[in-house]
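J.: Heads up, here are the entries from TrEMBL:
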SIGNAL    1-36  signal peptide
REPEAT    41-102  repeat 'FG-GAP'
REPEAT    116-177  repeat 'FG-GAP'
REPEAT    182-234  repeat 'FG-GAP'
REPEAT    301-366  repeat 'FG-GAP'
REPEAT    367-424  repeat 'FG-GAP'
REPEAT    428-491  repeat 'FG-GAP'
DOMAIN    476-636  domain 'Integrin alpha first immunoglubulin-like'
DOMAIN    637-778  domain 'Integrin alpha second immunoglobulin-like'
Amino acid sequence: MGTVPGLSPPRSWGKSGHSAVLLLPVVAILLQLCAAFNLDTEKRVVFTGPPGSYFGYSVEFLSNSSSFSVLIGAPKANTSQPDITEGGGVFSCPWRHDNCSMIHFDKQGDRYFYINNVNTQVEFKSHQWFGATLRSHGNSILACAPRYYWRTEHDEPFADVTGTCYLSVDSLKTFVEYAPCRTERHGPVGQGFCQGGFSADFTKDGRVVLGGPGSFYWQGQLISATTEEIVKAYYPSYFLLSVAGQIQTRQAQGNYDDSYLGYSVAGGEFSGDDEEDFITGVPKGLMLYGVVSILNGKDLKSLLNLTGEQMGSYFGYAVAATDINNDGLDDLIVGAPMFMRRGSDGRLEELGKVYVYLQRGPLMLEPSHLIGQQAFSRFGTSLAPLGDLNQDGFNDMAIGCPYGGDDQQGLVLIYNGFAEGLIDTPTQTLSGQWASSSFPASFGFSLRGNSDLDQNGYPDLIVGAFGADKAVLYRARPIVSASASLTVQPTMFNHEEKTCELITGTETTTVSCVSIGFCLLANGKHLPSHLGFVVEVQLDSVKLSQKESIRRTLFLDSQQPFLLKTLSLENGERSCHETRIYLRGEEEFRDKLSPISISLNFSLDPEAPEDQHGLRPILNYETEQRIEQKAQIQLDCGDDNICVPDLKLAVYGDRAEVYLGDENSLSLTFNARNEGEGGAYEAELYVVLPPEADYSGIARNNVSLTQLTCSYEAENQTRYLVCDLGNPMKSGTSLWAGLRFTVPRLKDTHNTVQFELQIRSKNVNNSESEVVQFELEVAAKADVILQG
């Protein structure tokens, strides 16, 4: 990406000669408006810099053959340079410890030259923001101070904010200054306000490219040279240096003023000539719509311009290039963090937008986009190619929202790549830990990825939070792809076939049982030699959430409804296990119809030891960690085990009338029949009582009547009676039973009293009989006694 988000090119002279002021960093404006699943958040390393130094404003990896460390820019840090205030610095931090030390790129204070026999200060390093831009390539480090001033010689001397950079080569043994905008082309008309190093990057072969968005009345420009050319041209005693072989963009027509070319910069191959090209953001170009330009890497000639879709969205604020869809072609990613969209209430919301351009051929780009989800979060402020974070063959991206989340603490969203670009939902969200007070922490303002710091085969990510003077290293955990299988054999429990022995204490009984088997396979890249898993098998777990909590099946060995097992697997190994489960006795449960669920859940063992890098693997987020099979209880329902009852109900009463003012004893006799092909399971008689009636009990004085078990229940204002008719109520069943009631609460406002009766079962088909209504007439009876 190579941007210095938050700095705005300065102005001191307008074309008409009117005096202007140095623009405040755009970060100040941002603050007013805003305040990959396997990145390990528990083992993160937090680096802390000097308070108020903006430590974390820029971040970078330093990886060479001998060491691996983190580089962190602190552009407001004080240094040991004499008489310099907040010159800014770059810190080197061993990644295993929060023990950072400043790299001394420049130990000198401001330089003085004799001008007209007067010893005159000719450069101003205080508040130069050294370290605001930071990039590395192999043993080389480039750090820039885009607010560096130098004094030009005029009749009325003034200072130009040209910016400057320092290049370290040979593993911090050699330091050279590179200030390509410090030339004789003074003032705003030339390179006097260039701010060279506002953005910067290295190409893959180590070539340096700088952005200077303030050159030529803020048209901006790119400047590029090889590290060898820069080192060769450096002479410490020379103030103005010419770098042989350096290339740079030239001044354009006046209508390109105030465009800010060079605001952001990155390298990628888009022209089809196998030579790396330059991508640069021009966020104020084309009447503030913003432009991203692809420039030829050989001569900086324009190859292609992409235009933003909304004025003021700052399209091109950040740019990046990486091969997302693994087709061998670089793709382009562009941030527009101030993009606005109209919300559901009709008001505009600043959400931010990131554009993804898939390269389909030389200079042929196919656009898509991601849009932010939180207003004023500044989605797209920073972009970091991560490399293949989840090892699926597609490169991934981190996108910063430095003012998103609760209390504007900042967010970083991880998006995985696939064949058609970036998946539009983040697979991981990293949250800042430092809440906003007077100044937001700006977690996610700077990002850097695509380096494997701990050498575990997975790339890592650094996140800067300069408002809290913090930077955070997130290391990627190895990913385990695992799959499980579960079998039940046979899938039917037969009460008549009891082939297993159940030992309880000193007693042994035979029970109906089936065998279950499960296998677990695990594999992945760069995994430890052994992987620990926890496997849990649950029997009939649906019953836990139901009123009836009896598990119908148990494991034969333990007589428990669950099995918990810890397994250790080698990478690529399949581990299989078998056991048996049995069916409880029929008298212990009622539900014989519904299937018995047998579920397997597995996860990585949280107690397993860490690998040699101090990390624990993580399961692929797409892993199906729960699988389920079902078993049935053999029913008396034919080969298909599907029972279709035909329930019939007839009701008879011992009276047709009830009288006002009387207790009105009532006996109802009913005949319940199943004339269908199979049994009715959990068959019950439901009797809805009228408000005038009470239940007295079952009829017991007739040996021909079945003695039922009934329960009297109430729900809201409805009272009802539930009587068990059999489980199952077998095909061909015909039973007679009687119920006793009283009807004492009659009113002369009702002419009838009505009972409703119905047979219900849990069968899927033909589960109920028709509702039978038994009605009584309400009458008045005179009881006259004459005495005389």
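Glycine is treated like the rest: Cβ placed from N, Cα and C.
Just so you know, TrEMBL annotations never went through curation; they're auto-generated.
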J.: Mean pLDDT, the repeat 'FG-GAP' (301-366)?
T.: 97
J.: For the domain 'Integrin alpha second immunoglobulin-like' (637-778), how many residues does DSSP put in helix, in strand and in coil?
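T.: Looking at the domain 'Integrin alpha second immunoglobulin-like' (637-778) with DSSP, the answer is 0 helix, 74 strand, 68 coil.
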J.: For the repeat 'FG-GAP' (367-424), what are the DSSP-based totals of helix, strand and coil residues?
T.: 3 helix, 26 strand, 29 coil
